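Novice: After the structure tokens below, expect a handful of questions from me.
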Amino acid sequence: MPSSQPNYNYKLTYFDARGAAELSRFILAYAGVPYQDIRVPRDQWAALKPKTLFRQLPFLEIDGRPFGQSVAFARLLAKKYNLAGATDEEQAHVDAIIDYQKDMTQAIRKWHMEKDEAVKATLQEEYFRTTAPEHLDVLQSHLKGHFFASSGVTFADFAIAIFLGNMLRRNAAALDKHAALKEHLERVNSLPGIKEWIARRPETEN
């Protein structure tokens with residue numbers, strides 16, 4: 001979906017990871033918009049940190065103006081490129097899906113950050129046995145045909161596809177009982193721009 005927006009100079013700064021920057025990367029890839037993908041080495045972060053808006057990465061610069069908080073500037077990009085929902089009500093639904101994805105991510109962090117490997121393995125098994133199926137049931141119930149909004153693809157679809165892709169990296173069978181979500185993931189990952197980005201993006205741990 002090539003953009004008809006004015007030409008902006010975008011610079012997206014994050015670590016060498018997908019993480020919190022990947023949603024904006026998906027939006028820009030789908031919109032066909034060029035940007036600078038700045039990846040900060042971990043040993044340079046301490047020097048850069050005091051210069052950032054929220055002492056955090058990622059941040060986005062638009063024509064030199066910085067914006068912080070990854071979901072906030074992803075939403076800004078989504079609005080610029082008609083990926084935020086067609087009506088106010090649909091935008092509220094899209095935002096709700098984004099918020100639910102954050103809830104699901106928090107549930108994963110509870111075990112993903114565990115230092116004790118034995119405890120981590122137990123928590124991970126419990127998550128995929130109990131919590132994940134419930135979350136996926138709820139998520140699947142909100143699909144509106146091919147996407148999460150009746151009007152078509154939005155940045156909520158990108159956020160969920162990224163989340164589900166990460167989930168499958170940890171458990172290849174995670175979507176076996178949620179065929180509609182598995183099809184949604186494949187559909188999003190095959191979209192023009194997204195497909196090419198996935199093929200060329202750097203291989204990273206997260």
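Every residue gets a Cβ built from N, Cα and C, even glycine.
Per TrEMBL, the feature domain 'GST N-terminal' maps to 8-85. Sequence annotations record features per position, and here TrEMBL assigns domain 'GST C-terminal' to 87-206. TrEMBL lists 147-168 with the feature transmembrane segment.
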Novice: On average, what pLDDT score does this prediction assign to the domain 'GST C-terminal' (87-206)?
Specialist: 96
Novice: Counting each residue once, how many in the domain 'GST C-terminal' (87-206) are helix, strand and coil under DSSP?
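Specialist: Across the domain 'GST C-terminal' (87-206), the residues distribute as 84 helix, 2 strand, 34 coil.
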Novice: In the domain 'GST N-terminal' (8-85), how many residues does DSSP assign to helix, to strand and to coil?
Specialist: 34 helix, 19 strand, 25 coil
